[in-house]
């Protein structure tokens, strides 16, 4: 999200990254580490079926710190917040043992109403305590499942609401908003080379069903849920583009 609030030297600034342990948030963490002087991460345990993603976070953080000494210096504290209530009030295929289907409203049954709105609110509250002005999220409306809380208009509205409601000057960054999954892999390569791509491929998690014991060329997963299909298609385009270059 473009803004005039970003200082000339963001290395003097701190950022909070919404960090689930997935491909998108891992790429966003690398993006933030390349730009801000102190970067902290926050993950949310809301009763998701794919809670295995939370276990991936530490390995990704450690791996990124090992890739670049500057990143190691900038990488700050990790936070995990329990949001059990979100899982309690949500009757979705991400928080219940239910089949993934398409609802009558055109949204997949994996949509958790209000999830990103709640995540951003808690991230802003944490940022206030930790002295961070920048909040980074992996929301995207290019290669995505149609979730309304991933849209650019939603993020812009949340930035306004958070700043009004907290009398602050937060800047919400969504570096993946207008790129697809293939371009997300390409961004990771640009940020940290083939080593970062390999780290994200091997250690991040996208599968909605939490399948971790099956490894594909594009990463772990069941291979059939919407998240796996998006990740696989993006990887295949990324590899094909590389082969054509």
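For all residues, glycine too, the Cβ spot is worked out from N, Cα and C.
As recorded in Swiss-Prot:
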BINDING   19, 20, 21, 22, 23, 24, 25, 26, 27, 28, 29  ATP binding site
BINDING   207, 222, 225, 228  Zn(2+) binding site
Candidates 207, 222, 225, 228 (binding-site residues) - the one closest to residue 21 (ATP binding site) by CA: 207
When distances run from the Cα of residue 222 (Zn(2+) binding site) to each of the binding-site residues 19, 23, 25, 27, 29, the nearest one: 23
Cβ-based neighbourhood (8 Å from the centroid) of the Zn(2+) site, residues 207, 222, 225, 228 excluded: 206, 208, 209, 211, 221, 223, 224, 226, 227, 229
Candidate binding-site residues 19, 23, 27, 29, pick with smallest Cα gap to residue 207 (Zn(2+) binding site): 23
Spatial neighbour of residue 228 (Zn(2+) binding site) that is closest, considering only the binding-site residues 19, 23, 27, 29 and their CA atoms: 23
Tertiary neighbours of residue 23 (ATP binding site) (same chain, Cβ under 8 Å, six or more apart): 181, 184, 200, 204, 206, 219, 231
Set of same-chain residues at least 6 away whose C-beta sits under 8 angstroms from residue 25 (ATP binding site): 17, 18, 19, 137, 138
